Amino acid sequence: MGDKIAVIPGTFDPITNGHLDIIERAAKIFDVLYVSVLNNSSKKPLFTIEERMEMIRQVTAHLPNVQVESASGLTVDYAATRGATAIVRGLRAVSDFEYEMQIASMNRTLNAEIETFFIMTNTKYSFLSSSMVKEVAQYQGDISELVPEIVNEQVQAKFK
């Protein structure tokens, strides 16, 4: 049996401490973890895909088994091209579960070989979202406890 490979998809606009917590914990379980940065067509991004990928690379540099790539199309198809047997999703609250369960069921229908793993976020991040970070920063609120330092600097620069 080869490496245990997983994909953790997301918009990561920007990456938060909650995202990083899930990535670090998944990196302990899987031999290779692809962080796939997606463009969400229903959201207007603050950062380009390239900017998001660079921030993620910087904040995951201490995790040698993490690779950062951009992806488009179906996550389950992307996972298959990477030889992944798992998709990792973070759950903040019960409210996330129903939506994530629907996606997991659809992915299972599309490719039964790829499992979905849910990791519960650390309770101190259960309220945290990229949207919330952007909203607080837009009004000059302090986001230093919500995102890694390099991300804080980049977000602040966008709202100057």
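Backbone N, Cα and C define each Cβ position, glycine as well.
The ATP site recorded in Swiss-Prot includes Thr11, Phe12, His19, Gly90, Leu91, Arg92, Tyr125, Ser126, Phe127, Leu128, Ser129, Ser130, Ser131, and the single candidate from Glu98, Glu100 that the record places there is Glu100. Once the Cα atoms of Thr11, Phe12, His19, Gly90, Leu91, Arg92, Glu100, Tyr125, Ser126, Phe127, Leu128, Ser129, Ser130, Ser131, the listed binders of ATP, are compared pairwise, the greatest separation found is 18 Å.
Distance between Cα atoms for Leu91 (ATP binding site) and Thr75 (substrate binding site): 17 Å, as a whole number.
Least packed by the Cβ count within 10 Å, out of the binding-site residues Thr75, Ser126, is Ser126. Annotation note: Arg89 (substrate binding site) sits in a strand segment as assigned by DSSP. Look at Thr75 (substrate binding site): DSSP puts it in a helix. The Cβ of Arg89 (substrate binding site) has Ile8, Pro9, Glu100, Ile103, Ala104, Thr116, Phe117, Phe118, Ile119 as same-chain neighbours under 8 Å, each 6 or more residues away in sequence.
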